[in-house]
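Some notes on the structure that comes next.
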Amino acid sequence: MAVAAVCLGCRCCVAGALLCLDAGLPGLLRGLWGLMLLLSVAVYGSHAPLLTLCKVDGTIPFSSSSVVVLVELTKLVLSLFFLLTWDRQLLGVAVSWHHVVPFALSALLYAANNNLVVHMQLFMDPSTYQVLSNLKIVSTALLYSLFLRQRLCMRKWLALFLLMAAGVSYSLGGLQDPQDSSSPSRMQLHITLVGLLLISVYCLISGLSAVYTEAILKTQALPLSLQNLFLYFFGVLLNLIGHFWSSTERGFLEGFSSWVLVIVVSQALNGLIMSVVMKHSSNITRLFVISCSILVNAVLSVMLFNLQLTLLFFVAVLCIGLAVHLYYGVT
C-alpha cells in the first residue's frame, strides 16, 4: 500500500514537473514533448537499478567500456535510420568539414568524462562521488549562462541550487536497507586531495561538454539526425580506441545478459532524446529531467530491492518541487 502511494505521488510529481517545461507548445507537440521527457526520466531513474539486476555475486560481470561502445553504436545506427526515413529530402544539403570537426571535440569531452568517472573513484568512496557529482548542476548552469549568454535571474539560480540540494540530500541517504544497521546519518565520506581535483575537473568537463554540444546543435543549420550521425561516429571511434587501449582478457560481450541489452537500448534512446532537448530546449531542461529521475530511482529501489525511503528522500522531493516552481513559475 505504501509503495503504491509513493508510486502514484512520484508519477504525479514527475508529470507535473515535466508538463510545465513545454507549456508554450501546441497541444499535440506538447503531449509528445512531455511523453519524451517522461521517458527520459524513466531511463535515467532506472539505470542504477538495472545495473544492480545485472550483478553476479555482487559484481558487474561485463566490461563497462563495451557497453559504452555498443550504446554509441546503437545511437549511430538509429541516427542513420532517422536520417534515411525522416530527413531523406535533406540528404543533398551541402556539408563541409567545418560542420563535422566540432563534433569530434564534443565526443572527446564525453569520452574523457566517461573515463574520469571510473578512475576518480579510486580516490574517493562511492558515497562521496554521489554527493559531490551534484556540483555539475552548478558548473553546467554557470557555463550555460557564460558561453550561451543566457542570463539567469536570482530566482532561477536559487532553483538550480535547490536541484543540487535535492541531489545531495538523496545521495546522503534517501534510501536505506532495513537489514543494514548503519543509518544515513552515520555515513562517513572519504576523499583524497587528488580526488577533489578530479571531481572538480569532472564537473567542469561535464558542464562544458553539454553546453558546447548544445551550442553546436543550435548554431548549425543542419538536421538533427545528421548532426547526431557526426557526433556518434566520433563517439564510436573514440570509445573503441579507449576500449582496446585499456582492454583486459575479458571478451567484448562477456558477461552480457538480457538486462545489459535493455541498458544499451534505453541509454541509446535517452541519448537521442537529450540531443532533441539540447537542440530545441536547453541544458537546464536536461538538469531538471535528471533531478526528477530521483523519484523513479526511489520507486524502483523500493519495489525491486525492498529498500526504505528516509526523511532525506522527502527533503529531496520538496527541493525538486520548489525548484520547478521557482524556475518555471508553476502555480
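Just so you know, the numbers here start at 1 and follow the chain as drawn.
Glycine is treated like the rest: Cβ placed from N, Cα and C.
According to TrEMBL, the features are:
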TRANSMEM  66-84  transmembrane segment
TRANSMEM  90-112  transmembrane segment
TRANSMEM  157-173  transmembrane segment
TRANSMEM  193-217  transmembrane segment
TRANSMEM  229-246  transmembrane segment
TRANSMEM  258-277  transmembrane segment
TRANSMEM  284-305  transmembrane segment
TRANSMEM  311-330  transmembrane segment
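Counting residues 6+ beyond its ends, the transmembrane segment (90-112) has Cβ neighbours under 8 Å at 83-84, 205, 208-209, 212-213, 216, 220, 222-223, 226-227, 230-235, 237-239, 242 in the same chain. Spatially, the transmembrane segment (66-84) is adjacent to the transmembrane segment (258-277); three or more Cβ-Cβ distances between them are under 8 Å for residues at least 6 apart in sequence. The transmembrane segment (311-330) shares the most Cβ pairs under 8 Å with 157-173, out of the stretches 157-173, 193-217, 258-277. With a threshold of 8 Å between CB atoms, the same-chain residues lying at least 6 positions outside the transmembrane segment (258-277) that come near it are 36-37, 39-40, 43-44, 46-47, 50-51, 53-54, 62, 67, 70-71, 74-75, 78-79, 213, 217, 224, 227-228, 231-232, 285-286, 289.
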